[in-house]
Amino acid sequence: MFLTHLPNDINTEQRAAITTTEGAVRVIAGAGTGKTRTLIERYCYLVSTLGIAPKNILCVTFTNRAANEMKRRVRAVLGDRDLGYICTFHAFCVQLLKEDIHVLNYPRNFTILDMEDLKQILQKIFTDMGLTLRDTTIKRTLDEVLEAKKLHATTYIDDIYQLDNEQLKARYSDARDRDEEIFLRYLYEQKKCFGVDFNDLINFATWILEHFPDVRQKWQDRMQYVMVDEFQDVSKRQYKLAQLLSGKHGNLFIVGDPDQTIYSWRGSHLRLFLDFNQVYPAAVTVALTTNYRSTPEILTAANTLIEKNQVRFPKSLHAVKASGPRARYFHAKSDKDEADWVVAQIQTLRAAGVAAGSIGVLYRAHYLTRMLEERFVENKLPYKIFSGIAFYERREIKDIICYLRMVTAGDDLAFLRTVNVPPRKIGKKKLEALTLYGEQHRLTLYQSLRENLDTDMLKGTRAKSYVAAIDALGQHRQTLAMDTALQTLLDQSGYEAYLRLQGDQDRLDNVAELKRAVQRAALDEDATLEDFLAQIALFSNLDSEEKPDTVKLMTIHSAKGMEYPYVFICGLNEGVFPSRRISSLEEMEEERRLAYVAMTRAMDRLYLSDAEGVANDNLVKYPSRFIFDAGEENIEYVVPLEEGLKTGLLRAITAGDEQLGNMAARYDVSDRVDHPVFGGGVIISVHERDAYYAVKFDALPTERNIQFSALHKGE
Ligand SMILES: Nc1ncnc2c1ncn2[C@@H]1O[C@H](COP(=O)(O)OP(=O)(O)OP(=O)(O)O)[C@@H](O)[C@H]1O
């Protein structure tokens, strides 16, 4: 006998979304309107009321965290069941491949390659091909390889399937250009270890379903109901997979909020959501518009903000919660003042009995946590970095600190961390030999290295340059300011160049932030490197003990789907948020959606803050346009903004937008264009990332690369 399941406190729209189980269904759910809850209730309804087995329901969530939370809540209703098909697309693909990858001649225990594995493969290819930073960076190459896999999702698997290792090798030897060679070498390396990277998971699964009718039929029979959460951030390939899987029974349910699309850079597109009813003409659309989460004041500010976007699906949300205070905004004179204000507000809340765990602090980029963490630690406020790692625990920061420690302490731990980063050909065997030598002569590893610099053991390594960099820092630190000495070390050790070669912008931002911390410390002429390191050690050790009730710090991307009674959005500065890295007006709209996601996480109180000063790129910081987009009347200004700041901001916005407009590609391959000097020509290729076209002008023998802004429509 089955339980019937449908709670009393759901509204009419939610009920429709839960009980419309057959066919294609699209639910457009505004922020805080109970989308997650509806999805859970729908799952329980399918199982308890309709009697469908969980093994016949695929419910795709955006993150593992969301899947686990959903399973937990479903189990609370249905009891302990196997809910393996409540999972992310990736986790589902792993399950499918475990069952069926043998059709591709891969073993069931194939290896899933993570980002570090991919970088290692590329590092090997770089070495084999003799590539350097002058050619490209690992990150850029990785992006290109992954992009190529998206673009040629079927053909590269044809190659993996049809060619054996020797044939793949022959293919890369005959490659037409460098990029093709890198890509083919990459395929070769991954096939050699039966590796499957993140992109392959979905591509392999789709390819198998498309090429093997028996396998397709099995999975289509199984997936009687397919539900996709956070559909606004689903990529074309994921959508295709969901369509394939629901191909037989036709029960495809999608739910999401187009205003919360924040992953366009991973391939999600508003259009997939908006055009769903054209792809499925019989689709039923349900809109959830009652916001249960936020006070009317918070919702009005968020709605006012998102209405500034041009491309959107208009909808009006209404709040049912009782009225509360307006969002409070503080403009600080420095990032330290900003962090102090956040801390003071949190302390006031805690004094009033608010638990630390009901407070979320959100920011656009990881590097912004440094100042917050320092102020939190100094004020003994318990916190946890919810997404990612505490600032002083991050790999690149630890590496640099260990380099500095090589000068102050020269200890073995710092040595082991730095001696082969960047790679200097000092591997495990050599380290063992140095350890033995050190034990015999009662020396540290560094001293042992120094004593053996001219021996055969270290021939062919770059041990000398390592020692030279550390010695140079040792000498300079007496005469140079701490920040200059640090820069010398970063240059001479090759560490910064190494990071640039990796090309990971987040890591470079963290290093820039560390330099700022050193600069600040260097303002005190008496401060020593030892003092600085001792101070940092304090920041890093405190975090080790687990505290139950902590303020959560996180990037906005990882705050997706979360809610907190009290939400702080920090670092609201032009160039930080919206990020300076965006290159089109569409991306500006995505930044605004991100701001919308951030604001709608707040249930009772919302706090916004920014700081004057200079940004990572040394430009003057202005308050973010998003503060004004939310409507001046909807925000309580703790300090009034000076007129000069507002005019400066408006000028910066206008100039920035004009530049963004110019950076958007307006023409396509084969379009005729006109140039003020070269005259007429034809577009040969479009390079979005660097904002230029390759153009073959009628009057010139060879092509020219021309910036987007310099061309007009031709005859
Ligand atoms: N019918 C209802 N009555 C009262 N509260 C509700 C109802 N439905 C949902 N809620 C509450 O509203 C809040 C938001 O719900 P939920 O997290 O499911 O929203 P969401 O649409 O997934 O939000 P977002 O997309 O912004 O992350 C939760 O605290 C939830 O418990």
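For all residues, glycine too, the Cβ spot is worked out from N, Cα and C.
Remember, TrEMBL labels are computer predictions, not curated facts.
Per TrEMBL, the feature domain 'UvrD-like helicase ATP-binding' maps to 8-295. Under the heading ATP binding site, TrEMBL lists Ala29, Gly30, Ala31, Gly32, Thr33, Gly34, Lys35, Thr36. What TrEMBL lists as domain 'UvrD-like helicase C-terminal' is 296-561.
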Which residues, sitting 6 or more apart from Lys35 (ATP binding site) on the same chain, put a CB under 8 Å from its CB?
Val27, Ala29, Asp229, Val255, Gly256, Asp257, Leu288
Would you mind listing, in sequence order, the residues at least six apart from Gly34 (ATP binding site) in the same chain with a Cβ closer than 8 Å to its Cβ?
Ile10, Asn11, Gln14, Leu288, Thr290, Tyr292
If you take the centroid of the Cβ atoms of Ala29, Gly30, Ala31, Gly32, Thr33, Gly34, Lys35, Thr36, the listed ATP site, which other residues of that chain have their Cβ within 8 Å of it?
Thr38, Asp257, Leu288, Asn291, Tyr292, Arg293
Chain-internal residues, separated by at least six, CB under 8 A from Gly32 (ATP binding site)
Asn291, Tyr292, Arg293, Ser294, Leu299, Leu317, Glu563, Thr600
Comparing the binding-site residues Ala29, Ala31, which residue's C-beta has the most other C-beta atoms within 10 angstroms in this structure?
Ala29
For the binding-site residues Thr33, Thr36, which one has the sparsest Cβ surroundings, going by other Cβ atoms within 10 Å?
Thr36
Grab the pLDDT values for the domain 'UvrD-like helicase ATP-binding' (8-295) and give me their mean, rounded.
90
Over all shown protein chains, what is the count of other CB atoms within 10 A of the CB belonging to Gly30 (ATP binding site)?
26
Look up Ala31 (ATP binding site) in the DSSP assignment and reduce it to helix, strand or coil.
coil
